[in-house]
Amino acid sequence: MANPTIIRLQDGNVMPQLGLGVWKASNEEVIAAIHKALEVGYRSIDTATAYQNEEGVGKALKAASVAREELFITTKLWNDDQKRPREALQESLKKLQLDYLDLYLMHWPVPAIDHYVDAWKGMIALQKEGLVKSIGVCNFQIHHLQRLIDETGVTPVINQIELHPLMQQRQLHAWNATHKIQTESWSPLAQGGEGVFDQKVIRELADKYGKTPAQIVIRWHLDCGLVVIPKSVTPSRIAENFAVWDFRLDKDELGEIAKLDQGKRLGPDPDQFGG
């Protein structure tokens with residue numbers, strides 16, 4: 001079995017290409033989920049202030065027998081905290097029981113309140129101080145990203161966006177790549193695979209490779225060069241989602257999955273959300 005792949009970000013830092021997402025997990029659930037994830041080989045955990053489970057993540061990491069330098073921990077600046085990124089980060093670090101973050105992401109642009117450029121400037125300062133190794137954004141459209149770059153000169157290393165076979169965001173993914181921004185997929189299985197796992201091409205590939213539909217979709221993300229963070233609190237699923245290193249999809253198979261794109265957004269519209 002091949003080793004889990006690592007992605008080098010434009011700032012020189014590296015991160016695992018596959019991590020565990022913990023959206024909707026309670027503080028109790030997340031402890032068991034992370035314990036299982038570390039056991040099967042995950043080293044990247046993606047949480048957020050808005051998930052209200054940073055304390056559980058912190059407890060799980062504290063109890064883990066994995067060295068801190070082997071872990072890649074992400075949390076996110078919530079919309080209400082865009083005017084106070086320093087305080088928000090310090091609160092997150094305290095809950096996570098960490099001295100530094102590997103990746104700090106601005107959760108949404110919230111153009112209605114228009115604080116995202118100033119929030120980004122605050123995040124740049126936090127990176128310079130060493131409190132975070134890398135900084136990026138979530139749910140930013142091209143015009144939001146361009147404004148950050150134009151007004152600060154600092155490009156996010158990550159843009160974490162809704163991305164799955166029904167919502168492939170190829171234009172944004174390509175723009176990110178042109179600007180050396182790594183695209184990361186949230187809701188990578190389209191919220192449990194509805195409308196995806198039952199697609200003929202997904203089922204045929206699952207049969208061909210002896211894999212589950214979820215494993216086929218995760219492998220699609222990996223083979224498209226995306227960082228991917230499937231969410232689960234079920235031990236068997238956590239293990240299943242990581243067992244994707246012993247096969248690859250070929251160019252034609254990736255092309256067939258590309259045909260599933262409907263531009264079907266399951267989450268909020270970044271131009272409208274918040275405020």
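The chain as shown is numbered from 1 upward.
Every residue, even glycine, has its Cβ placed from backbone N, Cα and C.
Small disclaimer: the values here were computed from a predicted structure and weren't measured.
Annotation source Swiss-Prot lists active site, proton donor at Tyr51. Sequence annotations record features per position, and here Swiss-Prot assigns substrate binding site to His107. Residues annotated as NADP(+) binding site in Swiss-Prot, with similarity to another entry given as evidence: 187-241.
Remark: of the binding-site residues Val201, Leu222, Ile229, the most isolated position is Val201 (fewest other Cβ atoms within 10 Å of its Cβ). Shown are the binding-site residues Gln215, Ser236; of these, the residue with the fewest other Cβ atoms within 10 Å is Ser236.
Here the residue listed as 'active site, proton donor' comes close to Val22, Trp23, Lys24, Ala25: these same-chain residues lie at least six apart in sequence, with C-beta atoms under 8 angstroms from its C-beta.
Most Cβ neighbours within 10 Å among the binding-site residues Ser187, Glu194: this distinction goes to Ser187. For the binding-site residues His107, Lys208, the ranking by surrounding Cβ atoms (within 10 Å, all protein chains) places His107 first.
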